[in-house]
């Protein structure tokens with residue numbers, strides 16, 4: 001009897017979670033689909049206040065650019081650090097200290113990371129508010145996620161193959177670059193893409209470091225930019241246009257779902 005109750009509770013809990021997720025997605029899709037059009041996707045914001053008409057194309061491009069900058073910076077630093085910790089670090093105390101620092105950074109609220117990015121990059125280093133500063137702040141946010149997932153990927157690599165390669169006189173770095181990384185490239189790509197989706201959905205870090213309310217031009221790396229999550233936040237918090245907010249949420253959700261589906265495909269295929 002107790003087992004039956006436990007099984008029933010587990011199934012009902014799973015059903016409740018799935019139903020909640022499906023309801024949220026469908027609700028946003030139904031509300032957002034009412035304003036989705038080619039003009040909405042391909043043009044800049046219009047109206048007074050800005051964003052109550054027109055489109056969100058600059059925000060789409062800005063989110064993709066900031067996510068790409070964050071992905072490049074965080075993947076290079078996180079993968080390099082993980083390679084050193086996994087294959088070269090022999091000091092157990094130093095290893096535990098690095099892991100502790102990674103866990104601490106992963107637990108910092110995004111609003112505090114945004115404040116750090118503003119005070120360090122903009123105030124201390126005098127770098128202007130731009131895609132670059134926002135991307136660097138987002139990179140700090142997602143770096144622990146990539147590092148933890150990458151270490152798991154490297155730890156699961158067959159140790160016998162590494163030992164066999166070493167017995168042939170190959171260096172550890174050569175083995176990593178020509179054997180380990182090529183065979184785990186799909187998993188690594190999936191990890192970076194998933195972290196990029198996480199960065200693209202964050203509003204707090206970019207609102208302090210690079211995002212602006214309105215711009216009709218496409219930015220370069222040294223200019224402020226529009227971002228989908230920040231644009232959505234402004235539309236809702238200021239009460240400008242709830243219908244445009246749903247449309248923005250629809251596009252953001254489609255982008256994030258597309259990246260997540262890519263991650264599932266890339267991570268499973270061999």
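Heads up, the Cβ atoms here are built off N, Cα and C, so glycines get one too.
What TrEMBL says about a protein is an automatic prediction, not a curated fact.
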Annotated transmembrane segment segment (source TrEMBL; candidates 191-213, 214-236): 191-213
Per TrEMBL record, range annotated transmembrane segment [choices 68-88, 152-172]: 68-88
Transmembrane segment per TrEMBL - which of 40-58, 249-267: 249-267
Contact set, same chain, for the transmembrane segment (191-213): CB under 8 Å, 6 or more residues outside the stretch: 50-51, 62-64, 66-68, 70-71, 74-75, 109-111, 113-115, 117-118, 121-122, 129-139, 141-142, 145-146, 149-150, 153, 224-234, 252, 255-256, 259-260, 262-263, 266
